[in-house]
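Beneath this line is the structure, given in structure tokens, with notes to follow.
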Amino acid sequence: MAVDVTIIGAGLGGLMLARVLHVHGIPATVYEAESSPAARSQGGMLDIHDYNGQLALKTAGLMDEFGGLVLEGRQAMRLLAPDGTVLFDKADDGTGGRPEVQRGELRQMLLDSLPPGTVRWGHKARLVRSLGEGRHEVEFADGGTVVTSLLVGADGAWSRVRPLLSAATPEYTGKSVVETYLFHADTRHPASARAVGGGSMIVHTPDRDLFAHREKDDTLHAYAGLTEPEEWFAAIDFTDAAAATTRIAREFDGWAPELTALITDSDTAPVLRRLYALPAEHRWDRVPGVTLIGDAAHLSAPNGEGANLAMLDGAELGEALAAHPDDPEAALHAYEQAMFPRSAEAATMEGGGADDPVPHDLIAAYSQHEESRQDARRS
Ligand SMILES: Cc1cc2nc3c(=O)[nH]c(=O)nc-3n(C[C@H](O)[C@H](O)[C@H](O)COP(=O)(O)OP(=O)(O)OC[C@H]3O[C@@H](n4cnc5c(N)ncnc54)[C@H](O)[C@@H]3O)c2cc1C
């Protein structure tokens with residue numbers, strides 16, 4: 001293949017694409033806005049599914065390295081009621097298809113698998129323009145430019161490459177999450193640590209929920225979910241950590257103390273993450289010389305699939321380019337025709353596939369029960 005593939009964004013999608021191209025001897029350059037791999041905490045755990053994320057890792061030849069990152073026992077799953085009653089409790093018996101890893105370690109593994117210099121840090125794409133005949137010019141925030149005949153937008157939710165293909169922009173989903181961390185939980189927050197258990201814990205009601213993970217070194221990482229308009233969150237000053245914590249915790253009044261402690265006892269300031277999504281059926285007509293992967297193509301409300309899909313997109317696009325060395329347009333077409341229906345289906349999923357340990361039926365039934373209980377209380 002004669003062209004050097006230009007990838008914007010060194011997230012899991014962009015790095016996976018660069019890795020699979022490298023495996024096939026195809027050069028690629030990744031331009032990343034952040035100044036270094038350590039510029040931002042990559043926090044959080046990801047379960048990597050055997051039907052998408054792991055397929056990508058196999059294609060990349062990185063299954064052994066991935067195996068070394070897996071945190072044992074983290075596929076355990078609990079569903080609790082707001083009063084702390086355990087509704088469902090599944091231990092990790094080692095047979096699940098969704099091993100958990102730290103996102104930062106997975107990203108570092110991909111970085112380590114690339115030739116030095118592949119990623120150009122501190123290159124924030126500011127503007128991308130078409131030069132015709134499938135060529136594009138990328139202008140960076142520092143004024144530098146690069147011209148390419150094969151451009152891939154792997155630059156996430158607010159992609160600068162997407163406007164070349166589509167007028168769609170992400171819209172607020174109606175829900176946001178507030179992120180907290182409790183460190184050394186077994187000794188410092190034992191009741192919350194027991195409530196979360198060895199893996200993940202979910203408490204779900206119609207407009208409030210709590211999701212928590214046991215990460216490395218008995219860190220509890222929690223997301224308090226609130227279905228509220230953006231203006232509701234705008235009225236809270238998140239620069240005042242104590243006041244924001246009190247305000248958010250008030251929304252969980254009456255919940256078991258070991259659950260509310262996941263908010264009130266946070267060792268870090270609460271971080272608001274507004275959740276946006278592209279239309280589930282987002283797609284575009286083929287434009288020569290450019291495509292999108294990952295969130296740039298199909299941002300959806302978090303459902304455990306996004307990082308997995310980003311990696312699968314990257315791997316499949318890399319394979320397609322390797323299979324059509326003299327016809328990149330055929331490669332982009334083949335990649336997009338598989339990606340569009342896959343991501344549309346995933347966008348409407350509440351969780352993963354058939355082996356999903358999250359009992360969505362139980363959550364739905366419990367949610368319905370809670371809703372009618374609240375209706376009865378109101379009337
Ligand atoms: C709260 C929350 C929880 C989630 N939990 C899960 C989960 O458990 N499992 C799961 O599979 N998914 C999860 N996701 C989704 C997942 O994080 C994303 O789908 C995934 O990170 C997408 O990967 P990506 O490579 O497409 O984009 P990103 O990870 O967003 O990477 C994009 C990269 O591009 C860079 N970039 C952005 N703009 C520019 C620019 N203009 N120029 C150059 N570089 C740029 C960014 O700095 C970044 O490095 C979660 C998302 C959220 C918000």
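Backbone N, Cα and C define each Cβ position, glycine as well.
Range with TrEMBL annotation region 'Disordered', chosen from 74-107, 346-379, is 346-379.
Take the Cα of Arg40 (NADPH binding site) and measure to each of the binding-site residues Asp47, Arg103, Asp295: the nearest one is Arg103.
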